[in-house]
Amino acid sequence: MKALSLRELEAAARALLEPGIHDLFAGGSDDEVSLRANEDAFARVGLVPRVLRGRGAPRLDTELLGCRASMPIVLAPTAFHRLAHPEGERATARAAAAAGAIYTVSMASTTAIEDIAQAGGPLWFQLYLQPDRGFTEALVRRVEAAGCKALVVTVDSPVFGRRERDLRNGFMDLPAGMCCENMRPLGPNCERGPARSIAFSPTLSWADVDWLRELTSLPIALKGVLHPEDAKRALDSGVDALFVSNHGGRQLDTVPAPLELLPPIADAVGDRLPLVLDGGVRRGTDALKAFALGARAVAIGRPVLWGLAVGGEAGVAHVLTMLRSELERALALCGCGSADDASPELLHFSRWEPRWRTS
Ligand SMILES: Cc1cc2nc3c(=O)[nH]c(=O)nc-3n(C[C@H](O)[C@H](O)[C@H](O)COP(=O)(O)O)c2cc1C
């Protein structure tokens, strides 16, 4: 039986995956406070629909960082798709291409970017700036040659988050025959998990973003900007978008849900930078709430891995189909003709103390 929702799909994936791999995908850092907060934040915001607005069937197509997309739902970068399914990132890329959705390929993909690009859909490439600028430059040239349309630079990882599920399970390295293919020129370390094959560096600074801006003409998004002051600083660095993301609760724990941090960031950047929100998006209504608070698009991480585990390409296609139709329905039920129609007037924030009529 096909899953009717992303939550059903997650349960099906959990039953199929080897427990250590499930934990690797599902887990967060430390006490997983942020991990839980991400989904909870959406449940705590209500929707108050507008009626009789006659906006017609909602349109989902959009343009982001110069890329046409059939919907404002992007595949977030997640590592190691071949741990979920033997066809790994190739299957993900085919499903995304068929759906006309943008797929952000992780630098820690277990398939080389050139092979992923064969699917022909719009691709962005997620980059961890490496302290070895020569390596970063070579990788950027590879990514440009492969036809990727933008770089998504993850800036929330000066060091690797502590993921206790992985420590408990002893998950340190990829199984034999699998590696971070985009890291290959670095030699034997590409056979390792991301904590050991990719360098995470606390010395990185805005100067490195400036350097990258000079290096490439590809649009650049910064992923993991959560402080409004950093969002303002990003305006000066010539970047083209921000991902408001806490890395799915896998880096600094107790960071609030991105949904809650979105309004101050949207205030800080106004219309000058498009915002992509990720973290806990599991329903079309979640996406709509993010749009109402200023996101131009949302990105999904784990649901893609659950789809891949359950059905390979067809499983990822099912994830995208479900979310697309949920978003269409949510927009229509709120009287919106597109994501641009979503505004804070649709949102209801519960207060702790109900206001009673006293007279
Ligand atoms: C298994 C897994 C691997 C991830 N790998 C990366 C990565 O390589 N680079 C990156 O910037 N973010 C990575 N992320 C974070 C996602 O891009 C995204 O921020 C997060 O998953 C969104 O939350 P969601 O899973 O609740 O949708 C990963 C997340 C998961 C769950």
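Positions of Cβ are set from backbone N, Cα and C atoms, glycine also.
Taken straight from TrEMBL:
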- H247: active site, proton acceptor (ACT_SITE)
- 77-79, S106, Q126, T154, K223, S245, 278-282, 301-302: FMN binding site (BINDING)
- Y128, R163, H247, R250: glyoxylate binding site (BINDING)
- 1-352: domain 'FMN hydroxy acid dehydrogenase' (DOMAIN)
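What TrEMBL annotates, mapped onto the structure for a quick look.
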residue: Q126; record: FMN binding site; contacts (Cβ under 8 Å, 6+ apart): P77, T104, V105, S106, M107, L151, V152, V153, T154, K223
residue: Y128; record: glyoxylate binding site; contacts (Cβ under 8 Å, 6+ apart): M107, V153, T154, S157, I198, A199, F200
residue: H247; record: active site, proton acceptor; contacts (Cβ under 8 Å, 6+ apart): T154, D156, S157, G161, G224, G279
residue: R250; record: glyoxylate binding site; contacts (Cβ under 8 Å, 6+ apart): G27, G28, S29, L35, G161, R163
residue: D278; record: FMN binding site; contacts (Cβ under 8 Å, 6+ apart): A76, F243, V244, S245, G248, P258, V298, A299, I300, G301
residue: G280; record: FMN binding site; contacts (Cβ under 8 Å, 6+ apart): A37, N38, E39, D40, A41, F42, A257, P258, L259, D286
residue: R282; record: FMN binding site; contacts (Cβ under 8 Å, 6+ apart): S5, L6, R7, E39, F42, P303
residue: R302; record: FMN binding site; contacts (Cβ under 8 Å, 6+ apart): E10, F25, A26, T78, G248
Glyoxylate site span - longest C-alpha distance across Y128, R163, H247, R250, in Å: 19
Mean of pLDDT values spanning the domain 'FMN hydroxy acid dehydrogenase' (1-352): 96
Other CB atoms, at most 10 A from the CB of P77 (FMN binding site): 25
Binding-site residues whose CB lies under 6 angstroms from ligand 1, from P77, Q126, R163, G280: P77, Q126, G280
Densest Cβ neighbourhood among R163, K223 (binding-site residues), 10 Å radius: K223
Secondary structure of Y128 (glyoxylate binding site) (DSSP, helix/strand/coil): coil
R163 (glyoxylate binding site) - helix vs strand vs coil (DSSP): coil
Cβ packing number for A79 (FMN binding site), 10 Å threshold: 20
